[in-house]
Amino acid sequence: MDSGDIEEAGGNGEEEFRSGPRLGGSKYRPVVAHDRAVVEMSSIDPGSSSSTLKNIKVVAPGDVGAGVRGPEDGVNGHQKESKLELFGFDSLVNILGLKSMTGEQIQAPSSPRDGEDISITQGHPKPPALKMGTMMGVFVPCLQNILGIIYYIRFTWIVGMAGIGQGLVLVFLCGLCTFLTTISLSAIATNGAMKGGGPYYLIGRALGPEVGISIGLCFFLGNAVAGALYVLGAVETFLKAFPAAGIFRETITKVNGTAVSESIQSPNSHDLQVYGIVVTILLCFIVFGGVKMINRVAPAFLVPVLLSIFCIFIGIFLAKTDDPDNGITGLRLKSFKDNWGSAYQMTNDAGIPDPTGGTYWSFNELVGLFFPAVTGIMAGSNRSASLKDTQKSIPVGTLAATLTTTSLYLISVLFFGAVATRDKLLTDRLLTATIAWPFPAIVHVGIILSTLGAALQSLTGAPRLLAAIANDDILPILNYFKVADTSEPHIATLFTAFICIGCVVIGNLDLITPTVTMFYLLCYSGVNLSCFLLDLLDAPSWRPRWKYHHWSLSFVGASLCIVIMFLISWSFTVVAIALASLIYKYVGLKGKAGDWGDGFKSAYFQLALRSLRSLGANQVHPKNWYPIPLVFCRPWGQLPENVPCHPKLADFANCMKKKGRGMSIFVSILDGDYYECAEEAKEACKQLATYIEYKRCEGVAEIVVAPNMTEGFRGIIQTMGLGNLKPNIVVMRYPEIWRRENLTEIPSTFVGIINDCITANKAVVIIKGLDEWPNEYQRQYGTIDLYWIVRDGGLMLLLSQLLLTKESFESCKIQLFCIAEEDSDAEALKADVKKFLYDLRMHAEVIVVTMKSWDIRSEGNSQEDSLEAFDAAQRRISDYLGEIKRQGSNPLLANGKPMVVNEQQVEKFLYTMLKLNSTILSYSRMAAVVLVSLPPPPLNHPAYFYMEYMDLLVENVPRMLIVRGYHRDVVTLFT
């Protein structure tokens, strides 16, 4: 029996149904191919309901057209997948392990039942890349990067200059900065899966791609140049320990201006360059060997370093005290007390105390000198792509390395301050080698290997950081450095080596060194700010496994980083921030759009919610009123298929904003059933949004599917917007094509939209002559004429002022025509309107037009066009009424009410529109744009009649805005 059939098979059918699909008698069994914690539901237990399943054939959707499957395929193939099909989603078995589970917006692969084939790798699968654990992946790299040359050759000098007390403060301050940064790093790194890139990945996902790339590239540059610093330190120590190894020797006859009895052969500066290039190339070969080679070599660099530090401490305890003139006193309380205070003074270029020297050292300068000795905490996170478990290794390994080195420094301050006199601390550059047991050479080896180990870690982490930035595909210029997930970043390594060799060739890095320190501090402040923002927002997705964090700690860490930057050098701080700002701007201009769900988006969301709540449900005060137009994109007329919105509608929407401030909502309605047109609506919405962005109009796009346009607009006008951010003005095109397209549907829809706007208390702006509306480059001259007939809350006045703020209308002047009754006092009305405009801070020429009872036909030939339109409208309305009378029935309106026609009232409406149109043509035929009040549709009049009224109003006016306000003021007299 096929696995897809359930049939009654005599007396044994039920037994076969019971026993066939059960494997091993278990109801649930593990799915070995994916996750042992995921179980697969067994076949349906027939039980008492088995009788309802008889004689039913079940065919899986994926089997249609695929031929007949064998029994094995039914059990092991698609049957497993189809048991949860009724939920409408892929089962956990199908989605576990996809990259989309990490929060990245990646398209999931199609299911085989979509008709696509599954690609099966032939032969042996590719072995997984070697992954590192906490010790070799994080702790050792961090320790190698932190323990550098400063501890060996400058730390004793720092203790002598700052004293034990301020030395402890100095170490504690710098250690606190890195400790707080490690806490923030641990929190972010344990908040989900982490790909390559280390701090760049964390900062970018928290603060956005622009901030992430700008800080990430600065951090990459800092690592690359730091590699050169470490290489030069190793080579310089080697040449001082073995002068005979110099290739380009120079003869020294004077030392500090004093002639020596015998000339001294010393290595030349070119030796630094040659040896530095050779060492850099050798280190690059190790890096090219991959993670496996680095893991083998790293202990060889670290073990001698730890051994040399151990020998230094043995030498401290075994220091000879029989020669006090040598300056080494052994561990003595007297030395401890003498060295407790600071001794800031002038020194020469070599750091030797000299009253005539050119350098004065203070606490701030010592911070800049010592801080590179605590950097390197990002060495483990830089290789996050090579770690087995980032959420475990990064916090434990980084924190252990930070605490270990900080404790070492604090203990060293106490011991160095108690083992020698201050003069010895300030004059012996290699005091650590002098006191080391059993001989100084072991410290020389430690210095060389520590700097080489730090250089190796820099040349390992920097290329991976650059490759991670390139793989995010934000900056096209970095595409050359892209690598596959399991590949080594060879091109990025070559580029890093090129930068490193260039700095080695320069040789003198005194000006670059502070900038490198700034890049490290800039990265640390970015990590702290990221954790601060995520902690403060506390989004539902913020669930780090590392629980020992708080937004206040991150804030203190970020503040401390910035303070230390300015303590070291405010000028180099400005340079580092300026470089990061330039990269930020470049990414914003040239980079591709990327949405990583960063913290800024969450902050904007929460700020928007808080602002929306603070607005409340009360009406907005006129001083704070902004137009929020609801732009009706395609209500009538046909546009090209690739143009989702009339181009001039976007131009007009921009005219309603002062200096771009405001928001427009562009909506369009698709006729049809939502279930059938949902995908079409999504594509149309994307197309409309893209077009709005192309027109540089700030707004949002919405597509609504409805049975017809009237129902769709009614739903939009009721539900669009939130709180006080609902649209307050409906903007649409005047249907000039209604007479030749549809004599019934367009008028009915047009009148229905206006009535819905009045009911919803929305303002209305109808644009006649939209095709001739000027764009931002078409400058207009003349006047903007307002025909103020009814009180509209000042909306028409406000629109005219907004038009003047645009380049296309800034050369125009405003004329305000007040339409008065025949018995009104024109002069008094004019004076009142001028006073009103003055109080509103608006400039306009006021003209009062009195609508007298005059016969329009006595005005001569100037209004022949209006008269012809009037006569034509009369004839069409008479024919319409005659047709109704001949039918002998009482027709109903669109709202179901009976149509009641008063022919005298119809004549009055037509005559009023005729007089208003003739007045507009008399005064405003050459106006840039005319604004006139919108008359509401008369009750119980057919929509056809209203369209005749409106056609008569706009006759021969090339460009007109028909405006209706709502029952509230949008302008105010008061400040």
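Residue numbers in this text run from 1 along the chain shown.
Placed from the backbone N, Cα and C atoms, the Cβ positions cover glycine too.
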Identify the topological domain of G196 and of P514 in Swiss-Prot, and say whether both name the same side of the membrane.
no
Residue from N256, N742 to which Swiss-Prot assigns N-linked glycosylation site:
N256
State the non-local partners of the transmembrane segment (274-294) in its own chain: residues 6+ outside its ends, Cβ under 8 Å from one of its Cβ atoms.
129-130, 132, 227-228, 231-232, 234-235, 238-239, 247-248, 383, 386, 452, 455-456, 459-460, 463, 488, 490, 493-494, 497, 500-501, 504-505
Give me the stretch from 133-153, 215-235, 297-317, 435-455, 572-592 with the greatest number of Cβ pairs under 8 Å to the transmembrane segment (516-536).
215-235
Would you kindly check 215-235, 297-317, 360-380, 545-565 and say which stretch has the most C-beta pairs under 8 angstroms to the transmembrane segment (168-188)?
545-565
Have the transmembrane segment (297-317) and the transmembrane segment (491-511) got at least three CB pairs under 8 Å, pairs 6 or more apart in sequence?
no
Do any residues of this chain, six or more beyond the ends of the topological domain 'Extracellular' (566-571), have a C-beta under 8 angstroms from a C-beta of it, and if so which?
364, 367-368, 371, 514, 517-518
Does the chain bring the transmembrane segment (133-153) near the transmembrane segment (545-565), so that three or more CB pairs sit under 8 Å (pairs 6 or more apart in sequence)?
no
So, does the transmembrane segment (215-235) come close enough to the transmembrane segment (435-455) to give 3+ Cβ pairs below 8 Å, pairs being at least 6 apart in sequence?
yes
Under the DSSP assignment, what numbers of helix, strand and coil residues are found in the topological domain 'Cytoplasmic' (381-398)?
14 helix, 1 strand, 3 coil
